[in-house]
Amino acid sequence: MRAVLLPGSGEQPTAFCYQVNGSCPRTVHPLAIQVVIYLACAVGVLITVLGNLFVVFAVSYFKVLHTPTNFLLLSLALADMLLGLLVLPLSTVRSVESCWFFGDFLCRLHTYLDTLFCLTSIFHLCFISIDRHCAICDPLLYPSKFTVRTALRYIVAGWGIPAAYTAFFLYTDVVERALSQWLEEMPCVGSCQLLFNKFWGWLNFPAFFVPCLIMISLYLKIFVVATRQAQQIRTLSQSLAGAVKRERKAAKTLGIAVGIYLVCWLPFTVDTLVDSLLNFITPPLVFDIFIWFAYFNSACNPIIYVFSYRWFRKALKLLLSREIFSPRTPTVDLYHD
């Protein structure tokens, strides 16, 4: 890092990330503020990793949870956990220091993993919406239509498509050669902002909003059908009524998860598009807040499950007790007392 005096800046020095031409300016925070931000980010990373790790463990360990919907939840939790484990620590340093100090290779890998895990999350939420739509709107055909094999196909697509899509933009020069007029503005040295250009702003918008529109339309239909079922539930047998209520409860919980996802990611996605039209005028601090608000979503789902799913709370209680070592624990029925 170096400090220089800019013309007209008086005595206020400007810091840079590297002692080279084209280096990014660096915002130097007081030590106390740095410590507070590092601690806050560390807590967020810890909640993200441990919360989603428990979801992965619970669905894998308890046999009663081996359902198509829960396998999708497991895969979603895995993406969020890996985001917290592999992406957020380096993002924390970049946010606090306002510079990237880990080299070009890690910059590209970090950007790849960041985009991969975030796109994987939205794909999985979209597939979960399809699952809930089928369970609520077509309950008689649901067991035969949405099997474990179907869920596994969705999981492969949910990871494979984002992996190929992101690799195409980051690890080939096809896009840069074909769209050079869109990519003239190169990031300064020390920013690690490989994808934030005008073309990516336009491309990122439909990648977010098309799945969102699908999810919103599916949940609107689910709401209409669930309301009708609530009026008819008195005429059903007790066992069938219980099954319908359980499916509606799951749809409601996952609908909340989708809603929180939209709220967390909407500011960043809209800003990316608008910023590309206005020649990137968003202050770095505001942009960083939008990014971390989106990251925060990865910590939300386990918290939602704690308040919404009795089986999740029961599994957590077993995990924190000696009963977890009992050979009978994996076969415990978490849905009933």
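Along the chain as shown, the residues are counted starting at 1.
Cβ coordinates are placed from backbone N, Cα and C, and glycine is handled just like the others.
Here Cys188 is paired by Swiss-Prot through a disulfide bond, and of Cys24, Cys41 its partner is Cys24. Under the topological domain names given by Swiss-Prot, Cys17 lies on the same membrane side as Pro283. Here the topological domain 'Cytoplasmic' (60-70) returns a mean pLDDT of 92 for the predicted model.
With a cut-off of 8 Å on Cβ pairs spaced 6 or more residues apart, the transmembrane segment (110-130) and the transmembrane segment (205-225) reach 3 or more such pairs and are scored as touching. In terms of Cα distance, the disulfide-bonded residues that sit within 10 Å of Asn21 (N-linked glycosylation site) are Cys188, chosen from Cys99, Cys188, Cys192. Within the chain, the transmembrane segment (254-274) has long-range Cβ neighbours (under 8 A, six or more residues past its boundaries) at 118, 121-122, 125, 128-129, 132, 196, 200-202, 204-205, 208-209, 212, 215-216, 219, 222, 282, 286-287, 290-291, 293-294, 296-297, 300-301, 304, 308.
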